[in-house]
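J.: Sequence annotations record features per position, and here TrEMBL assigns transmembrane segment to 28-49, 69-91, 98-117, 150-170, 191-214, 220-240, 340-361, 381-401, 422-442, 467-493, 514-532, 552-572.
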């Protein structure tokens, strides 16, 4: 913080939307962040209005098989989330999060326009399958191909590029509005992340109810149109908060710093590293519970009252300490920045399996519900509206968590956080294990009903079992998503060095991406392993009743359990950087 000539206090490292110094009291705070929260409702509405029901569109209008549709959806969503890394990198290195959001929203708008035009124009779609009574199909069900397929994928992946840029910039932009050097600012930032997931769920609720109903009853051109309008409206809403935002100044490529330190440590002469214990300099230390600032300089100010920099590296990942005394001229600050990035990566990898489980909500769970009785009174619920269960639960739970559970935990533990980031993430992982076990049991019941009713080969009529059975796995996975996503976003943002925050926060979305990719890989591997010697593969064919989906769910339950044990080992050993103190 510095004082300007007119007596106002300037936010160091931040500018306003016109690239002028950001001023304390005028820029930042919850009011500025509230514009981000409203934008998130619109952005996630635009995204999930299509993604949640896309498998139905690909099967019904593009004539893909269930497994082809599931793979296409997971690849699309995986790519969208993985591209968040690109959005985060550009936000840290060259542009502000403010600029990246506006560019990305426009790109997503273009992609959705292409999809809307294709859905509205029959000549751009594959021919409709027609059947004469008692006769073979007069028009074969040919999957989309050629230029029509190219148009479909151009629209999908332009949309994915825009989504990635938004996911990589928007959460960080909102979190940057808070002063991390004060307890009030850190608590405000924690509240922001909880309500970010809350608003994400509000957008999802509109998407899986109103938008899905429109897609199924009025046509997909209207469904894509809703998404197009939502993302278009989000742009002026975001711009309306411009005068309040404080925007972090880009500091160059964080990947350059990471490569510099790692290569310096590799090529430095052995035995020439920084030594600890023989110097009177300050040494950075970490603790098992998070609180405080993420800047090493601020550790020193808070602990000693002096503006000094730590002169000795920490003991974690000590093999990198040689970089400080190498000819590459790496500073202790750069070394510690890289260390924290490397230390959070194992936590990142341990959340991929959870997101593989979440991928089932957009694929096989929708296909399961499509075979069941989805009537509620006189209303027929579209299968793609099933996520209404988890998102409603998240909308109800998020405020309770922030205003009841967290304050109680703070009083009980006497800590600023109350519940640590890793405890939240671990809770989500446990819930995902339960969800997969429940999903396997429900699938066994669904197939038993089909068998007892003599409907294993019937695909045109719903089974005599209510789709509310599927709601159980949605509830558990929705709860897991609340705990894990909010925990991950705050964990990566608060732990990461200031120059790498957007990129680090994007790891939350990259975990989702790799989870969707892993889902596709698992389906392929399972089919390859189980389809040998003339046996029918578990997840192959056009009739879900002949799948062994329950075995697939049990496999995921086992893999999730092993993954949780790996996470538990990491979490017990992890020490938070932003709880560090400087010893001197």
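Note that Cβ sites are derived from N, Cα and C of the backbone, with glycine treated the same way.
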J.: Quick test of the contact rule: Cβ under 8 Å, at least six residues beyond the ends. What residues does that give for the transmembrane segment (220-240)?
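T.: For the transmembrane segment (220-240), the sequence-distant neighbours (Cβ-Cβ under 8 Å, at least 6 residues beyond its ends) are 35-36, 38-39, 42-43, 45-47, 49-50, 53, 57, 61, 101-102, 105-106, 108-109, 112-113, 115-116, 119-120, 162, 210-212, 214.
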J.: So what's near the transmembrane segment (467-493) in sequence-distant terms, Cβ-Cβ under 8 Å and 6+ beyond its ends?
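T.: Answer is 171-172, 175, 189-190, 193-194, 196-197, 200-201, 344, 347-348, 351, 354, 357-358, 360-361, 365, 368-369, 372-374, 381, 383, 386-387, 389-391, 393-394, 397-398, 401, 421-425, 427-429, 431-432, 434-436, 438-439, 442, 445-446, 501, 504-505, 507-508, 511.
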J.: I need to check the long-range neighbours of the transmembrane segment (98-117): which residues 6 or more away from its ends have a CB within less than 8 Å of a CB in the stretch?
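T.: Cβ under 8 Å, 6 or more out: 17, 39, 43, 46, 50, 87, 90-91, 124, 151-152, 154-166, 168-170, 173, 221, 224-225, 227-228, 231-232, 234-235, 238-239, 242, 245, 247.
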J.: If I count Cβ-Cβ pairs under 8 A between the transmembrane segment (381-401) and each of 150-170, 191-214, 422-442, 514-532, which range comes out on top?
T.: 191-214
J.: State the residues, same chain only, that lie 6 or more residues beyond the ends of the transmembrane segment (422-442) and have a CB under 8 A from a CB inside it; answer 'none' if no residue qualifies.
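T.: Distal contacts: 347, 350-351, 353-354, 357-358, 360, 365, 368, 469-470, 472-473, 476-477, 479-488, 491, 550-551, 553-554, 556-557, 560-561, 563-564, 567-568, 571, 574.
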